[in-house]
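Participant: There's a structure below that I have some questions on.
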Amino acid sequence: MGDVNFLQKAIQIVQQATEQDNAKNYAEAHRLYIQSLEWFTTALKYEKSERSKATIKAKTLEYLQRAEQLKEYLDKSKNKKPVAVGGNKSNSAGSANGAGKSAKEDDEDMDPEDKKRNDSLSSSIVTTKPNVKWDDVAGLYQAKEYLKEAVIFPIKFPQMFTGNRKPWKGILLYGPPGTGKSYLAKAVATEISSTFFSISPSDIVTKWLGDSEKLVKQLFEMAREKNNSVIFIDEVDSLCSSRNDQESESARRIKTEFLIQMNGVGNDSDGILVLAATNIPWGLDLAIRRRFEKRIYIGLPEPQARAKMFQIHIGSTPNTLVQADYKKLADLTEGYSGSDIGSLVKDAIMQPVRAVQCATHFKQIRAPSREDPSVMTDYVTPCSPGDPLAQEMTWMDIDPTKLKEPEITIADCLKSLRVIKPSVNKADLDRYVEFTNDFGQDGV
């Protein structure tokens with residue numbers, strides 16, 4: 001019983017330490033971290049379970065590292081003039097001296113952990129445009145219109161969004177995997193001229209107690225500093241799932257911070273759009289779901305969109321397909337997602353490679369030169385043993401520069417269709433439809 005009390009005491013003190021750490025009372029936080037380490041060490045001494053020992057050791061190392069970081073920061077601060085720790089502009093001394101400070105000096109005054117978080121979040125800003133245009137997204141016409149309404153129009157025509165007409169602040173894209181939710185986000189990043197943050201759960205969740213909610217707060221602070229920002233959160237259910245008795249304190253704190261920031265309590269959230277994607281919308285916390293004013297179902301593509309997807313994925317790869325072939329493939333792939341069609345085409349594109357690999361006979365043909373299509377040159381290509389021009393050989397006998405690979409045919413696609421199956425079943429789709437009827441709207 002004694003060792004349990006030691007551990008409970010250590011946890012109690014380290015929670016106080018993280019609270020002081022969050023409040024930027026670093027001296028008190030350092031003292032409490034050191035005190036908690038003494039209790040953790042004592043608990044470790046009396047712990048009999050090897051598994052529990054390993055957990056305690058890992059936590060002890062984490063809090064020791066944080067204590068050392070704080071000590072290093074406090075030692076440096078002793079040699080500097082008083083400043084607002086973390087750049088708090090409301091501090092009178094910080095305001096008096098802040099006017100002439102450079103960005104470099106601000107970085108030096110910032111707590112090392114705050115600076116580290118800032119740098120980490122800065123890497124999530126999309127600086128290179130993904131080069132995905134609206135037209136590159138097959139189908140999803142309604143979803144694209146909603147996103148233009150929420151993102152493009154408020155930036156291009158700000159005079160239209162005054163008074164009671166406000167742009168949407170939260171949009172949730174949900175649907176089966178591989179239907180284009182993240183691809184739509186790339187199109188938004190390409191089309192807008194404002195700052196685009198692309199966040200995944202790994203950018204937010206850290207091993208440090210109290211650090212994750214700090215990252216959430218800092219993310220929104222950075223977004224407010226930039227004029228007109230979009231925060232895209234992929235797999236948002238990993239961060240904001242329904243609350244239950246089994247979830248950790250850290251997960252609960254992350255959700256609470258998201259709710260505070262998305263609600264704009266005590267902060268101006270104008271000019272920030274939170275765009276999120278999830279495959280399991282029913283798993284989201286109810287309060288988080290309410291923050292997303294628009295909940296758009298990104299369902300499976302319709303036949304016209306599927307035909308366009310086949311064309312996009314095949315692209316410039318040599319092929320013999322015509323419009324009727326694309327329509328036939330679209331009709332045969334009912335229930336396939338965009339990702340499934342991508343996998344199917346990828347397999348079909350490999351069929352000519354397999355034909356070369358398995359061929360026992362090749363023939364000589366005349367075809368436009370790769371270097372200069374206006375010039376005809378001799379190549380060899382696989383053929384059936386019964387072809388009048390067939391010569392018995394394998395791919396090992398061929399000069400690589402003389403090989404002419406077969407073009408992709410409708411037969412290749414049909415062959416791959418027998419192998420590549422859809423990844424979503426009817427039961428899954430029924431659940432999405434039920435959620436859409438209750439809480440969302442169709443984006444197709």
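For all residues, glycine too, the Cβ spot is worked out from N, Cα and C.
Pulled these from Swiss-Prot:
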BINDING   Gly175, Pro176, Pro177, Gly178, Thr179, Gly180, Lys181, Ser182  ATP binding site
COMPBIAS  86-101  compositional bias 'Low complexity'
DOMAIN    2-80  domain 'MIT'
REGION    79-122  region 'Disordered'
Participant: Given the ATP site residues Gly175, Pro176, Pro177, Gly178, Thr179, Gly180, Lys181, Ser182, which other residues of that chain have a Cβ within 8 Å of the mean position of their Cβ atoms, reported in sequence order?
Facilitator: Ala277, Asn279, Ile298, Ser337, Gly338, Ser339
Participant: Using a 10 Å radius around each Cβ and all protein chains in view, which of these binding-site residues has the most neighbours: Thr179, Ser182?
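Facilitator: By the 10 Å Cβ neighbour count, Thr179 comes out on top.
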Participant: Within the domain 'MIT' (2-80) only, compute the mean pLDDT.
Facilitator: 81
Participant: Using a Cβ-Cβ cut-off under 8 angstroms and a sequence gap of six or more, which residues of the chain neighbour Pro177 (ATP binding site)?
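Facilitator: When sequence neighbours closer than 6 are ignored, Pro177 (ATP binding site) has Asn279, Ser337, Ser339, Ser423, Val424 within Cβ distance under 8 Å.
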Participant: Sequence gap of 6 or more, Cβ distance under 8 Å: name the residues on the same chain that satisfy this around Gly178 (ATP binding site), in order along the sequence.
Facilitator: Ser337, Gly338, Ser339, Asp340, Gly342, Ser423
Participant: What does the DSSP secondary structure composition of the domain 'MIT' (2-80) look like, as residue counts for helix, strand and coil?
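Facilitator: Its residues divide into 71 helix, 0 strand, 8 coil.
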Participant: Check the binding-site residues Gly175, Pro176, Gly180 for other C-beta atoms within 10 angstroms of each C-beta and report the one with the most.
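Facilitator: The residue with the densest Cβ neighbourhood is Gly175.
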Participant: Taking 10 A as the limit, how many CB atoms besides its own sit near the CB of Lys181 (ATP binding site)?
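Facilitator: I count 27 other Cβ atoms within 10 Å of it.
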